[in-house]
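Asker: Pasting the feature list from TrEMBL:
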TRANSMEM  20-39  transmembrane segment
TRANSMEM  51-68  transmembrane segment
TRANSMEM  104-125  transmembrane segment
TRANSMEM  213-237  transmembrane segment
TRANSMEM  339-358  transmembrane segment
TRANSMEM  364-382  transmembrane segment
TRANSMEM  394-413  transmembrane segment
TRANSMEM  419-437  transmembrane segment
DOMAIN    495-616  domain 'STAS'
Amino acid sequence: YIVGLFPIATWLHRYNLQWLVRDLIAGATVGIVIVPQSMGYAKIAELPPQYGLYTAFVGLCVYCLFATSKDISIGPTAVMSLLVGQTVTRVVSADPSITGPEIAVALSLFTGIIAMFIGLVRLGILVDFIPAPAIAGFMSGSAITITIGQMPKLFGIKGINTQDSSYLIFGHFFQHLPNTQVDVAFGLVSMIWLYGVRYACQVLGKRYPKYSVHLFFFSIMRNGILVIFGTLIAFLINIGKSTSPISILKTVPPGFTAMGVPVIRTEVISGIASSLPSGVIILILEHVAIAKSFGRINDYTIDPDQEIIAIGFTNIWASFFGAYPSTGSFSRTAIKARSGVKTPIAGIFSALVVLLALYALTPAFYFIPDAVLAAVVIHAVADLVSGPSYIKRLAAVSLWELLIFVATVVITFFTTVEYGIYASVGMSIVILLFRIARPRFWGLGRIPLSTAVSSVVYEDEKKQQPPPVHSDLQNYLYVPEGHPSLGKLVESLPDGILMCRVDESFTYPNSSFISDKIITYCKKRTRSGGKVLSKGDRQWNDDATPAVIAARESLPRLHALILDFASVNRLDSSGLQAIVDAQNALNRYSGHHVEFHFVNILNPAIRRCLIVAQFG
């Protein structure tokens, strides 16, 4: 178990020069991307830009010790930054004595502790209870929220609280649109550059395949090139001016100025407590989902529990550097994978690029335009929004999942990402429990199939079987009575025999429901064995008319019920008792013993349970 906590020990002795070169290229590429991104994400988190660099550095250099994924890139992400920013705004407004960095460090420490505990006790299975539409919903909602929040910076508009709900920011943005500053030139040109280069490289890569690698790396460098030229132009504009005509990043302290043992006050803990569950959900869901996805793409298997341990330890360690919570980034992971990464050690090379930026490039960061960083952030998060094709597919597959997705996006848009996460998880669990508690119940009929039995010639043995014997056998295909395409061909079973199927395990949440369905189904298709001699003998709740009573008398009496257990994987004591109760109720209704038969039992444990209850 202890050795399993450090997967690096299983492959480090096989590390070679070829791997080193590939990791160096991939790591440096991600490093160039993460430096401007991390500073932009720190602004979303309502923190000074250097805290984004701290978060990027620690996540990149520590993760490789625990990693089971070679592709994933740890660091600040858009959704987590948004949650941190909304938490900072909420807590500081309630208690101005608490600072943003205090809140960020506390979130990193406690989300890390909780995540590491979940991984150590192997509770990673909990991730599987949250469906993909829920994840896509709060990711899309968060991306829309971030994009709208960056619009004022893109246009140089001041005086708008970008931590309000998205619809308020959207409205205030258009109200203040006449106050647009010269920053808009930097912002719009940056957006044109970022999308123009990406599109051009994609088109040229398809047209000239032999240059596709060069075009890919040039496309990756577009963020860095943009920041360099944007900073240079801003520097030239500010020569000889006491105040800058555009919003710029200003002073970024070199080195790790916030490093130290975290000092967590009780006021901070009480302030962030409500954000911890959503923070842990984001950490684990983003990371594990991305790691699994790229593991499948690149043909290797990850250990979800080990990945949760890795992300937990990374965030605990990060709190000593003043970092805020970090997790896997989809965009940077995709870049890392396409760059040809071979091992998790590539993260160390990315960390060295961040370290270089922290100690050597901070004076140049002073003149980075806020509009340029806003463009970088918008460009990075735009791909997180699920498009029309995804929505159409959800609508075609499951309206329940479409409801989860749409509701999560709407709630995130009108409130906060925290409420969006809680809503998505809550709705997913409710729908899961509803599907278990209210499974589909089918009454079955049959379709006759004619088959001919003939001899078979075994070519490999060069041997002829005895002369063929033909016999017409009448076999049947059992399908739901209301089958959409075969319904017209379905015929009823012989009089007094009924057959039904349940599409779920027979357990305590649904046992009463299924039992009632069985009894109701049988009563509708058979008549009672008792004689109603007078009005006084009728049940008080039997409101049948004489015509209905006469029609009932033409129905057969129930003799046997066949239960198809092909979809039943579990049968607990409540389910077993419900079957016994249903048989007793049908015995009383029919006036004699009704045989219960079970077919397609796939689980031997179910067979044993039925034998215990004296079925068979």
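From the backbone N, Cα and C atoms, a Cβ is placed for every residue, glycine too.
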Asker: Are there residues at least six beyond either end of the transmembrane segment (20-39) with Cβ under 8 Å to its Cβ atoms? List them, or say none.
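Answerer: Distant contacts of the transmembrane segment (20-39): 49-50, 52-53, 55-56, 60, 73, 75-76, 217, 220-221, 223-224, 226-227, 249, 252, 331-332, 335-336, 339-343, 345-354, 357, 361, 365, 368, 373, 376-377, 380.
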Asker: State the residues, same chain only, that lie 6 or more residues beyond the ends of the transmembrane segment (339-358) and have a CB under 8 A from a CB inside it; answer 'none' if no residue qualifies.
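Answerer: Tertiary neighbours of the transmembrane segment (339-358) are 8, 11, 15, 18-19, 22-32, 34-35, 38, 50, 53, 56-57, 59-61, 63-64, 67, 69-71, 73-74, 217, 220, 254-256, 365.
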Asker: Give, as a single whole number between 0 and 100, the mean pLDDT over the domain 'STAS' (495-616).
Answerer: 87
Asker: If contact means at least 3 Cβ pairs within less than 8 Å, sequence distance 6 or more, would you call the transmembrane segment (213-237) and the transmembrane segment (364-382) in contact?
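Answerer: Between the transmembrane segment (213-237) and the transmembrane segment (364-382), contact is present.
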Asker: Please indicate, using numbers and ranges, the residues of the same chain that are 6 or more beyond the transmembrane segment (364-382) and have a C-beta under 8 Å from a C-beta there.
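Answerer: For the transmembrane segment (364-382), the far contacts come to 36-37, 39-41, 43-44, 49, 78, 142-143, 146-147, 150-151, 153-156, 183-184, 186-187, 190-191, 194-195, 223, 226-227, 230-231, 234-235, 238, 246-252, 331, 357.
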